[in-house]
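**Q** Among the features that TrEMBL reports, signal peptide is placed at 1-24. The domain 'Cytochrome b5 heme-binding' feature in TrEMBL is assigned to 90-151.
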Amino acid sequence: GMLRRLLAHRGLSAAVGAAAGAWALPSACEQRSVTGAPHAPSAAAAAADAAAAADTAAACAADAAAAQATDAEAQATGAPHAAAAAADALPIYSKAEVAKHTTPESGIWVVFRGDVYDITTFVQNHPGGIEKIMTAAGGEVEPYWSLYRQHLLPGAAGQEPKPKSHVAEILAPLLIGHVDPEELAAAAAAKKGRPADDPYADEPERHGALRLLSETPCSGESPQTLIFDNWLTPNALFFVRNHHPVPRLDPATYTLRVDGLGVTPRDFSLSDLEALPKAEVVATLQCGGNRRGDLDVHKRTSGNSWGAGAISNARWGGVYLRDVL
């Protein structure tokens, strides 16, 4: 009876096989009755068993509550892998440390769902070519896999991405550590939004593949290795050059006023504009500072140090000016 209660309290089970069969002691949190006992238990033994059962139930409830609290905290902080990181005893790296590993000499590291992988030995075998996979070197692969979704299992929008089985098999032996859980938690907290009185509170989430030169106001260039993949630049990868916060517009109340010399003032709602004939044109848009960073090699310039990605191509749609005059 003492051994049974001890094993039950510790959440352990024991099984002993014999030629005639096998028996097992119940594990914690399992409600089982032992039948066929040769003698009825005494009142003292029954009381002791009842006390042990109560202790076991309390311990199980505490364990379950702790597990739920841990899961809830992980979801709230955005660090669901923190417990796993502590359990496997692999090294913990800062994002800054990961960002240093972008060459074969230093090791080529990437991050997926908070885990750090050394892909140095794999890049030569990447089906999409070395250039594409090197775009993610030193950073996270999720932004790129959201474009090249052949890496991921199909899933509902907003769910945590999961790699396909063959991708997971490739990644498994390349795991070398985890991103600092505190950094993950801080990043998750930052994504929850800014104070309501912050003029940048309504900034849209930017694609992780953009090379950000400033966050607020946002200046981000298209990744050069992906620019030529599409004739029309995907919206998520279109370069951004803002001077102010993204304006807050309500489609239901939005109004466009057309006014000027010799023009009768007119107001148009969004539905008014959508009712007019739509015209489209394909045009390339480029920031005047594109490739300014190349000039900095010779003499320091003023403004963002743009690379060659401050340029994108799109099909633009709208109404002709003549139709609103």
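Using the three backbone atoms N, Cα and C, a Cβ is placed for every residue, glycine included.
Model, not experiment: these values are computed from the prediction.
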**Q** Which value does the mean pLDDT take for the domain 'Cytochrome b5 heme-binding' (90-151) in this predicted structure?
**A** 92
**Q** How does the domain 'Cytochrome b5 heme-binding' (90-151) divide up by DSSP, counting helix, then strand, then coil residues?
**A** 20 helix, 15 strand, 27 coil
